[in-house]
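The structure under discussion appears below in the form of structure tokens.
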């Protein structure tokens, strides 16, 4: 009997452990019922003040999840951390908005809502604020106590990536498939990019010549400190609206980044791009599905990590 009881206890422990690792959309319903509305109000205010902030908050979540999972490690303000690596420095923004949301939520429910969950919800609310689809965000992530700069250098897809490199980079993260990759790339229907990220693409053969010429005023061929940080919209058609115009742009070779145009360049994802360009509902559905999959990349749950009091530093 003793051994049977012990076995039963082991099964119970395993079940509890499995349950603690499961994210749930109702995670804060009792512990912090006003958390979601607080995040939404703050995001709406920030996006109303500056439309680009919606893209910046969405990108923060992406850059968090692709480096060691969705654990808010990207928010740690450490000179040797992720924020100061080449893919992120001078590029990531929105930290102040997240800090403001965190302060409001701490006042409501001390040390209850993680920064990682705030990022995930703020990304969704940013998309909605700019006219895009909504989705149910599973919650219960916890915050990392470390930053992972080496992984930021290796795991974040570069704007120079080939199609095969993009497919491989996404497959390595929760097995995101090529359709997920093309859908998530549609986040480039909003936001802006720095000249340094698209200068070389302007001289490539698979870009509309008129489009390239129009960008040379912002981003001349010669590298220069005075122009490197000049900005251009990733979607020249509707830069502040979350829609499917990004894919229509690719069909006419008006992808701003090399990695954008790789999605439609006589390769295996051409038909996915065509589908999203002609079918807004298909894109919205695929994007929502892919965002949930991305949000499930290696979350810390249960007693792992911590709930940071301030998103920029460990407790």
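Every residue, even glycine, has its Cβ placed from backbone N, Cα and C.
A TrEMBL annotation is a machine prediction, not a hand-curated record.
Annotated features, as they stand in TrEMBL:
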type: ACT_SITE; residues: 63; note: active site, proton acceptor
type: BINDING; residues: 64, 67, 69, 71, 73, 82; note: Ca(2+) 1 binding site
type: BINDING; residues: 157; note: substrate binding site
type: BINDING; residues: 188; note: heme b binding site
type: BINDING; residues: 189, 235, 238, 243; note: Ca(2+) 2 binding site
type: DISULFID; residues: 32-109; note: disulfide bond
type: DISULFID; residues: 65-70; note: disulfide bond
type: DISULFID; residues: 115-311; note: disulfide bond
type: DISULFID; residues: 195-219; note: disulfide bond
type: DOMAIN; residues: 22-315; note: domain 'Plant heme peroxidase family profile'
type: SIGNAL; residues: 1-21; note: signal peptide
type: SITE; residues: 59; note: site 'Transition state stabilizer'
Going by C-beta under 8 A and a gap of 6 or more residues, the same-chain neighbours of residue 73 (Ca(2+) 1 binding site) are 64, 67, 81, 82, 144, 146, 147, 148
Listed in sequence order, the residues of the same chain lying six or more positions from residue 69 (Ca(2+) 1 binding site) whose CB sits under 8 Å from its CB are 297, 298, 299, 300
Which residues, sitting 6 or more apart from residue 71 (Ca(2+) 1 binding site) on the same chain, put a CB under 8 Å from its CB?
-> 64, 116, 141, 142, 143, 144, 298, 299, 300, 305
On a count of neighbouring CB atoms within 10 A, which of the disulfide-bonded residues 109, 115, 311 is highest?
-> 115
Residue 115 (disulfide bond) to residue 188 (heme b binding site): how many Å between their Cα atoms?
-> 24
Going by C-beta under 8 A and a gap of 6 or more residues, the same-chain neighbours of residue 219 (disulfide bond) are 195, 198, 199, 202, 227, 230, 232
Apart from the site residues 189, 235, 238, 243, the 8 Å Cβ neighbourhood of the Ca(2+) 2 centroid comprises 190, 237, 239, 241, 242, 244, 245, 246
Out of 65, 70, 311, point to the one nearest residue 189 (Ca(2+) 2 binding site) in space (Cα versus Cα); all of them are disulfide-bonded residues in the record.
-> 65
For the domain 'Plant heme peroxidase family profile' (22-315), mean pLDDT (0 to 100) = 97
